[in-house]
Amino acid sequence: MDTLYEWFWWDRIWLPEGLTWADLEDKEGRVYAKASHLYVTVPYAFVFLLIRYLFERWIATSLAVSAGIKQRVHVKPEDNTILELYYTTQGRNPASADIDGLSKKSSLSVRQVERWFRRRRRQDFPGVLKKFREASWRFVFYLSAFIGGIVALYDKEWLYDTKEVWTDFPKQSMLESQYWYYMLEMSFYGCLLFSVAFDVKRKDFKEQIIHHLATLVLLSFSWCVNYIRIGTLVMLVHDASDVLLESAKLFNYAKWEKTCQTLFVLFAIVFLITRLIIFPFWLIHCTWVYPVHHYPAFFGYYFFNVMLVLLLCLHIFWAYLILCMVKKFVFGTLTRDERSDNEEEEGEESSPTEDEGEQQNKPVNGLSTNEKDDKNGSFGCMSPPENIYWSKTVY
């Protein structure tokens, strides 16, 4: 273990040639970032989870009720161990041949088996109230983080001239504002990683996991090697579009169609500018070109840039989905989110002839359960007939 520890923290991996960790020890009035500082992000992430729970329970829910967000209650399927076992192990949509076999095993008719699976799938659908709570929480954080980033960077020369990022590197003293900006951002992304199990899942679930992990690795590495200046710029650029995204979702769930449409267009514009123009041509250019003017390329230099390029690839993937949505929106053919997974079965599951009496509404916590209310799902305002939901894609 000692050998592995020494190899992992070998100077030549993390720092340019001629520099050692001794050069980054606090002295001469300079304070440097240390790997030990990152330990605090773990308990902070759990604090964020607690804050999120309280926020969603007491504030977001009240906002949802005030905005007219309605939650429906699905009819619970009858207990059936055979069908439940198939649902959890084989899949949510059995083929016709499987339905016939399940019908014989469970002593139910084919129609009853189909109805059971419809009702069971509905139990797993994320309600609009749940989506509104998530969007509210993320909107509050991204807005706070973006404002905090502006306050921390508005008077810094490297915000306006990226060449200043490498002035006096690596002997750049850490600022208190940089410390808190990093710790809170990393704690939030840790919170997102911990909460993926119970958040609304999308088709790009794997991309989101890769995104969160890449973000944490990138921030951790930049912190340890004192790439803090460029790290703060990357965070600021990514937070810019996320505020608009989450606010668009909130107004969509509240059925403020014109406001939602306007915010979505602004989000698309800001996303494309920040993620596909500023990020590659300013920030990646800054990390790829300027450092070799100050020191020879080393492993950490290549590793950091590869991680940035990985994020850029994710940006291109999400930009493609956004452009597909914009295209369908312009030509009036947008019916759902290109990433949608949970809602894509919505249409097939609302047959009144199949589920007699299933449309009965039941009030829960004062919220209506009308079947149609789930149609305000996600970005339905983009195309009145259907729904769309664009989830968070921050770096």
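Each residue, glycine too, has its Cβ placed from N, Cα and C.
Heads up, TrEMBL stuff is auto-annotated, nobody curated it.
Positions annotated as DNA-binding region by TrEMBL: 68-124.
The compositional bias 'Acidic residues' annotation in TrEMBL covers 340-358.
Residues or ranges marked as compositional bias 'Polar residues' by TrEMBL: 360-369.
Feature annotation from TrEMBL assigns domain 'Homeobox' to 66-123. Taken as a whole, the domain 'Homeobox' (66-123) shows an average pLDDT of 82 in this prediction.
Positions annotated as domain 'TLC' by TrEMBL: 130-331.
According to TrEMBL, the feature region 'Disordered' maps to 340-395.
What TrEMBL records for 36-55 (among others) is transmembrane segment.
Outside the transmembrane segment (139-159), and at least 6 residues removed from its termini, the chain residues within Cβ reach (under 8 Å) are 55, 165, 167, 175, 177-178, 180-181, 184-185, 188, 229, 232-233, 235-236, 239-240, 242-243, 246-247, 250, 394. The transmembrane segment annotation in TrEMBL covers 139-159 (among others).
Annotated transmembrane segment per TrEMBL: 179-198 (among others), in sequence order.
Sequence-distant contacts of the transmembrane segment (263-290), counting only residues of its own chain at least 6 positions beyond either end whose CB sits under 8 Å from a CB of the stretch, comprise 162-163, 165-166, 227, 230, 233-234, 237-238, 240-241, 244-245, 247-248, 251, 304-305, 308-309, 311-312, 315-316, 318-319, 322-323, 326, 329, 379, 382, 390, 393. The feature transmembrane segment is assigned by TrEMBL to 263-290 (among others).
According to TrEMBL, the feature transmembrane segment maps to 302-326 (among others).
As a summary of secondary structure, the DNA-binding region (68-124) carries 35 helix, 0 strand, 22 coil according to DSSP. Beyond the transmembrane segment (179-198), the same-chain residues lying 6 or more positions past its ends with a Cβ under 8 Å from any Cβ of the stretch are 33, 37-38, 40-42, 44-49, 52, 141, 145, 148-149, 152, 205, 208-209, 212-213, 215-216, 219-220, 223, 228, 231-232, 235.
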